[in-house]
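Some notes on the structure that comes next.
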Amino acid sequence: MSDLARDERSTTSAWQGIKVGPMPLPWFLLFAAIILMAAVTESLPVDMLGGFGVILTLGWALGKIGDTIPGLNKFGGSTILSMLVPAILVFYGLLPDNAIESVTMLMSDANFLDLYVFALVTGSILGMNRQVLVQGFARMVIPMSVGLVLAMLIPAAIGQLVGIGFQETLFNIVTPAMAGGIGGGVLPLAQGYSEVQNIDYGAMVAILAPASILSNFFSIGVAAIVGRFGEKHPELSGNGTLVRQSATEEKELVNKEKKTPINFQSIGIGLFLLVAVYIFGNLMQGIIGLPAAVIVIFASTIMKYFQVLPASIEEGAKQLNGFISSNFTAPLMVGLGIIYLDLKAVLDVLTWQYVVVVLAVVIVLGLTGFILGKFLNMYQIESAILSLNQSAMGGTGNVAILATTDRNSLMPFAQVATRIGGAITISIMITLLNLFA
């Protein structure tokens, strides 16, 4: 073989060795070009497959870039770029309408976000040691409660100092930041506020929503810093495990942990289980009023604790979780950036005082979790990250925070922190406003 032919073969092999997502670079570029051409010519199908085409292309590409940039790759660059860049493209009108419509169909109409979140919830719970699971839920109550009180009072006091006013800060900035997102947080909060104060509902949503969006963004950034701090101080990090165990208990957990080969039928079992618990959660939501995600968390925890399901079904949930999280995290961030990250709403209220207050909410929550975690026998990094989910924008924020820190196993706890914490916050603050009004 000539030297030229050998060099060409070596170059081809090198290109094939570069992966974008799980795919070799040359093939990714070819397939991405097809999707890009369809989007630019407004020929992209406005259906689930068209939406997947957009988010997989942008997600895998931006994820690769974020993982490659020195410095940024140490702070969740893959997640941050995958969410922020598409939002910027939408803000400046650089993303074709056809592409936005396809992604909207996938994320909103087809509920891909729910598929991702529920896969992580069921897979994390059923794949977790039941003793660790119960201990985690029991111990997170104290950081959640203390964090809720401190993150209301301290930022509200800061708001008074910077000229916004204590009551204005407390009700219109701090509360929506911890309400649990837009759909399950800001909207019912605005409904309650508008009824108490006789203010137009739409105007109230416009006042409250930016705090939720901005707190979510800060939570992701602070979580990235906390995760990086954990890498430098491994003794504080459980690498996704919330509760500390004794040396004997850790050894027992390692011995019980089985490495099972990937099985396609097992993933199918996990998908069917996911569909069943999702539908069960929605049925019960209409009866008892709790969010479907919370119902699924409790149901999965009960099934795990009492060992209701056979090991094969638990393994299916675990393998589906692995398949979804390893392939679709960065693409999902793209969808969230396009649909949910409204940069215009944030920029419209962006004053330094507003930013300081929202940032204070996030920092107080993170510090509370970090400090109390030490006294509750929890890994402080995980405890802090979990507390940051109290200022997350619903499931959207949970996914982004945990993906940034590579701690998807905390999803069940994060969902409780966001949804239960948000519901408690809304109930308390509407009651207080009624007293003050």
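Indices start at 1 and increase along the chain as displayed.
Every residue gets a Cβ built from N, Cα and C, even glycine.
The transmembrane segment feature in TrEMBL is assigned to 20-40 (among others).
According to TrEMBL, the feature transmembrane segment maps to 46-63 (among others).
As annotated by TrEMBL, transmembrane segment applies to 75-95 (among others). Long-range neighbours of the transmembrane segment (75-95) within the same chain, counting only residues 6 or more positions beyond its ends whose Cβ lies under 8 Å from a Cβ of the stretch, are 58-59, 62-67, 69, 220-221, 223-225, 227-228, 329-331, 333-334, 336-338, 341-344, 400, 403-405.
For the transmembrane segment (115-133), the list of distant contacts is 241-243, 245, 249, 253, 256, 270, 273-274, 277-278, 281, 293, 296-297, 300-301, 303-305, 307, 309, 313-315, 317-322, 324-325, 328, 332, 395, 398-399, 408-412, 415: same-chain residues at least six beyond its ends, Cβ to Cβ under 8 Å. Marked as transmembrane segment by TrEMBL: 115-133 (among others).
Cβ atoms under 8 Å from those of the transmembrane segment (145-166) belong to residues 173-175, 178, 353-354, 356-358, 360-361, 364-365, 368-369, 372, 387, 390-391, 421, 424-425 of the same chain, restricted to positions at least 6 beyond its ends. Residues or ranges marked as transmembrane segment by TrEMBL: 145-166 (among others).
What TrEMBL lists as transmembrane segment is 201-226 (among others). Sequence-distant contacts of the transmembrane segment (201-226), counting only residues of its own chain at least 6 positions beyond either end whose CB sits under 8 Å from a CB of the stretch, comprise 75-76, 79-80, 83, 172-179, 181-182, 185-187, 189-191, 193-194, 341-342, 345-346, 348-349, 354-355, 358-359, 361-363, 366, 370, 381, 384-385, 388-389, 391-393, 396-397, 400-401, 404-405.
Positions annotated as transmembrane segment by TrEMBL: 262-281 (among others).
Sequence-distant contacts of the transmembrane segment (287-308) (same chain, six or more residues past either end, CB-CB distance under 8 Å): 117-118, 121-122, 125-126, 128, 130, 133-134, 137, 184, 277-278, 280-281, 314, 395, 412, 415-416, 419-420, 423. What TrEMBL records for 287-308 (among others) is transmembrane segment.
Taken from TrEMBL, the feature transmembrane segment covers 320-340 (among others).
What TrEMBL lists as transmembrane segment is 352-372 (among others).
Residues annotated as transmembrane segment in TrEMBL: 416-436 (among others).
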When counting C-beta pairs under 8 angstroms to the transmembrane segment (46-63), the leading stretch of 20-40, 262-281, 320-340, 352-372, 416-436 is 320-340
